[in-house]
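Record features (Swiss-Prot):
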type	residues	note
BINDING	486, 487, 488, 489, 490, 491, 492, 493	ATP binding site
COMPBIAS	54-79	compositional bias 'Basic and acidic residues'
DOMAIN	120-177	domain 'L27 1'
DOMAIN	179-235	domain 'L27 2'
DOMAIN	256-336	domain 'PDZ'
DOMAIN	345-417	domain 'SH3'
DOMAIN	479-660	domain 'Guanylate kinase-like'
MOD_RES	14	phosphoserine
MOD_RES	25	phosphoserine
MOD_RES	83	phosphoserine
MOD_RES	84	phosphoserine
REGION	1-32	region 'Disordered'
REGION	21-140	region 'Interaction with PARD6B'
REGION	52-79	region 'Disordered'
REGION	181-243	region 'Interaction with LIN7C'
């Protein structure tokens, strides 16, 4: 399946309302089609030879002659040394005794290779001091001029860098080769030895037979053969047809990539069509292509296993690769785009504030790689290289999701939501004489993320998309306040009161403030904080109250300091608040844990209220359900979790479990809380 490759870029022509926002209309014909295909790693490149100048060629020839002479001198010395040592050993060898085993006789034709001759590495300082010495030795003006020219060259930074590279290559080329297995069938050789030893009754032969039959030796031989078999496998020789086909593409730089394609390993790449070309469009995190680092966006695929790809549709390429396994040979034209090396990206964790289904998204560049999620899910974003389409994993699916999925980038999603709202507003009929009023009301109905420092500032509104999160484990002596929120008659007050009654030593309520006079049985600081109206209004202006209201001409409210006093005492503060108070509380330093108490179905809610002796009307039940939807839509981004109160006892146990989990497991909180 393929989808339009919009990639969120600005298009020249689009429908009204879309052009200004830089988004292509879903009805437009796509410029590109992007398809996810397998593309394993183990990649390699082959470059065309570099043309040398005549002067460089002469220098190279002189260096080659000097190297050849040094090799001949070294081999001559080595041969003389080997001959001398062999004569000495032959003179010291005693006559053979015991069993004549032809298998272990040293073949005369085998000469063990000695390590490469040592190469003395000159440093720039050595070269400079030698030239200085020569300069003092020579007296004629021409020689002095030549030496001065050489000294200037040696002091040049580019020459010094090239000299260091030369030394590094020389050291690498003269390193001894790693050990290479002589044979890959030691087990067969051991069986032959055991066959030879069968008729032997001497103690040494029987001891060798027992040793070769020991389980550890057998396991060692098996491991040796497995490793040797892999080491001795020759790399498949590139088919001559591949090199012949390169000539068909003129003077273009071509690279050949050989891939071992497994059936169960995702390769993580997408391709798109550009005219007749098939272009690698995207490298997906987690796939073999990304891990290899050798396959790049913008590479053009010319051939796969000798099959020409130019002119094929991405669907044909997908079908072709789905039937191919084993060794695949790709002929590619490298991308001409010059990109800076990618910086090491850090994973960011975000909480989604909207639902997303890629199957309903006409803008997703590759629907097969789209990652669906729901409001409240935690996403681990591992790549923002494409600002319009992030690559991410969903929390809990990392092990089952080998490849990262595509999710809308924050700015792209904000543009899209703004476009939708603009279109919806344009479609609404505007009544004559009420234009400004209508626009004002529409603006207030928008779902916005408020500025933390300006609670009522509509000019700083931001469409809800993602919120960066971090893990936080509450300290044992500083518990997070538990906030219960929900529509009336949904049980949040009953749950709060049950917790307070059953575990008084663990839970406490914040002492509210009031402006009314103290009654005889009330204790200041225990029942209420009694303050003057002037002081209360000053605290309201200073933003010290989480929520407040007026009843019978007296002000009542819960302050941030009252909640902090409960936290400092080591207890868990329990609050039941209105939805309008959540923003102020969340923007404080209290780190609240907000639990939404949702009602069950309408019929179940009627039964629960009937048990309490209440007989609500149908319209009252519908109002509760509608209020629930409204609270979830407007304030759901504040909720940490939700409990459906279909049974008060079960809801109480679930509430207690969630509170206990805060002591044992870290929770996701806004990153701004920890900065």
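Every residue gets a Cβ built from N, Cα and C, even glycine.
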Around the Cβ of residue 490 (ATP binding site), the count of other Cβ atoms that are within 10 Å: 26
For the binding-site residues 488, 489, 492, 493, the one whose C-beta sees the most other C-beta atoms within 10 angstroms: 492
Protein Cβ atoms within 10 Å of residue 487 (ATP binding site), excluding its own: 20
Three-state secondary structure, residue 492 (ATP binding site) (per DSSP): helix
Per-residue pLDDT averaged over the domain 'L27 1' (120-177), given as an integer: 84
Cβ-based neighbourhood (8 Å from the centroid) of the ATP site, residues 486, 487, 488, 489, 490, 491, 492, 493 excluded: 597, 599, 645
The domain 'PDZ' (256-336) - residue tally per DSSP class, helix then strand then coil: 14 helix, 34 strand, 33 coil
Under 8 Å by Cβ from residue 486 (ATP binding site), same chain, sequence gap 6 or more: 492, 596, 597, 598, 599, 628, 631, 645
